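Scroll down for the structure; my scribbles are underneath it.
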């Protein structure tokens, strides 16, 4: 019986690992999917918006810890960091839309994609110039407690990452389904041409979409900083690409799909490394995804977009 | 239109003739190239190299130049950033050799850059001394490439012996970056040495990841389950804190042992108390140093505000080796190819060079024979001498 329990624990431990990994992919890929839904373009700067959000979070957390540490309970500092960072980072999203994508709305789609890549490089080098190449260490916003429950190890940080990510996604779902702004976004993704005729301005909805995406990425950044506390100006690149893969896998423009595919990606990565030699992890993991996409080229929840006209 | 074009070309050629490049041929300036990772994955390594080089230059300047064959020459450093990338290191070496006319190059530091950059230096017949690269391929079959440190085939067994003697363990796990020359090479050497000692299969988990990964949870879960008693991870200082804290969070309780790449001044800054009490093999230990080593450490700390790591000390030694070789060459002709060759021959002849990281004599391959140090990170976060192993 003993080995059976052991291997059960082993699987359970890896499920928790995968949930943590998948949470980041899910939250970040939602940002890709939302922008695609509204503007039909992939914002390739999103990974770097996540990076900038992490750095902003780092700044706010350091500032708040220096000023209020010991005066207010840690959860308050954590919450304040999240709220302030979300607010500031959403303006980064607005900036990217207004300065980068808006002038190119009539331009060929390839120009917009390239712009995204350039904005990403500008962000990376800006951080590099401002802060230097030195690695920064994200301050812990709470004391790490490691729980050992029946052969499984889970820290409070890990639990928090999984729970907060789920709450964020539920909140986003409510925002899109229940508010007027959300309705405008859904309408925009349904028909890009007719919606402006109803008095909904694309110049408000588009930046709003970017702002929400950037805000989510920034919260993911703070959580990332708690789990992997070493900051690097290029940290958004790889994560951004993987989140992009998740957005495609989930179905372009589908938020539900992006979230689901994000977790799926986390599970594939973790379990491939568990079963196969870890050297082959990315090779096998992304081959599996390639196979999935061969059979479902539009992803899990992809919509038919071929009839849509562009302004 | 055509006239303007012709005029521009003529003007450009004229400008070239009077530029400082053309003049520099008349007055010989000794240029030393520094190929260092000032940005990228390991910027602290680049910073240490730069600071050590600046200190060395200060000494030369205070002496009124470098004396070769009774004549004093002005010395200039050409510092190039290789961004911790192999291709940029190759580009930097090519530029320094073909455009800047450097007499010798110190760097690149890590094997990932030093192995490909050494190819360029050797092709152009320019002396290159990598202070910190421990991968054998860096100097292998390259008469113009030297190094300032011991090799991984030596370091791997040192670590394996140390763990065996210190803890008496027989089962080890390895976690390394498969996409980087240094960790990959050292992981292989360690595995070999460990299995030679404890039999095939005694490395019970041999797990890898790729550069830029930050999540090692699946590999570490595997390692914890494997029943390994010790974890060896030859990674750089930006990955060490992540590996150590994630391992602890997944229930790892055994010791974690590293290699000389841990020796950066920033490891402790980033890792904090998680790393206290851990061991790694290195080139020197700052805490408790004596003599010239201590003088160097004190001077560096006074100037730059922190204790120099092994990279800085090795860069210092490499520059002094280059200096010695240039002086031993006897005279400079001003013909760069000829001078480079003379410097190379002089460097290969150096015996018992008294460096701050130990005595050095080069082998046929351009590798020094020197001792390794086992460092313990004590509970003040200092690198403490724990033991040493000599070939």
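Quick reminder: no glycine exception, Cβ is built from N, Cα and C everywhere.
A quick note: this is a predicted structure, and the numbers were derived from the prediction, not measured.
Here is what TrEMBL says about this protein:
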- A:22-42: transmembrane segment (TRANSMEM)
- A:49-71: transmembrane segment (TRANSMEM)
- A:77-100: transmembrane segment (TRANSMEM)
- A:112-133: transmembrane segment (TRANSMEM)
- A:153-176: transmembrane segment (TRANSMEM)
- A:197-224: transmembrane segment (TRANSMEM)
- A:230-250: transmembrane segment (TRANSMEM)
- A:257-277: transmembrane segment (TRANSMEM)
- A:283-301: transmembrane segment (TRANSMEM)
* To do: Could you tell me whether the transmembrane segment (A:77-100) and the transmembrane segment (A:153-176) are in contact, taking contact to mean 3+ Cβ pairs under 8 Å with a sequence separation of 6 or more?
  => no
* Determine whether the transmembrane segment (A:230-250) and the transmembrane segment (A:77-100) share at least three Cβ pairs under 8 Å, counting only pairs 6 or more apart in sequence. => no
* Structure fact -> Same-chain residues at least 6 beyond the ends of the transmembrane segment (A:257-277) with a Cβ under 8 Å from one of its Cβ atoms are 14-15, 17-30, 32-33, 169, 242-243, 245-251, 284-285, 288-289, 299-302
* Structure fact -> In the same chain, residues at least 6 away from the ends of the transmembrane segment (A:22-42) whose Cβ sits under 8 Å of its Cβ atoms read 49-50, 101, 109, 112-113, 116, 161-162, 165-166, 168-169, 172, 185, 188-189, 192, 205-206, 209-210, 212-214, 216-217, 219-220, 223-224, 239-240, 242-244, 246-247, 250, 252-255, 257-267, 305, 308, 310
* Residues of the parent chain within Cβ reach of the transmembrane segment (A:197-224), under 8 Å, 6 or more residues beyond its termini -> 23-24, 27-28, 30-32, 34-35, 37-39, 43, 46, 49-51, 53-57, 61, 81-82, 85-94, 96-98, 101-102, 141, 160-161, 164-165, 168, 172, 175, 181, 184-185, 187-188, 235, 239
* Asked: In terms of Cβ proximity under 8 Å, which residues at least six beyond the ends of the transmembrane segment (A:112-133) contact it?
  -> 41-49, 51-52, 55, 96, 100-101, 104, 233-234, 236-237, 240
* Structure fact -> Sequence-distant residues near the transmembrane segment (A:77-100) by C-beta distance (under 8 Å, 6 or more away from its ends) are 43, 45, 49, 52-53, 56-57, 60-61, 64-65, 68-69, 115-116, 119, 141-142, 206-207, 209-215, 217-219, 221-222
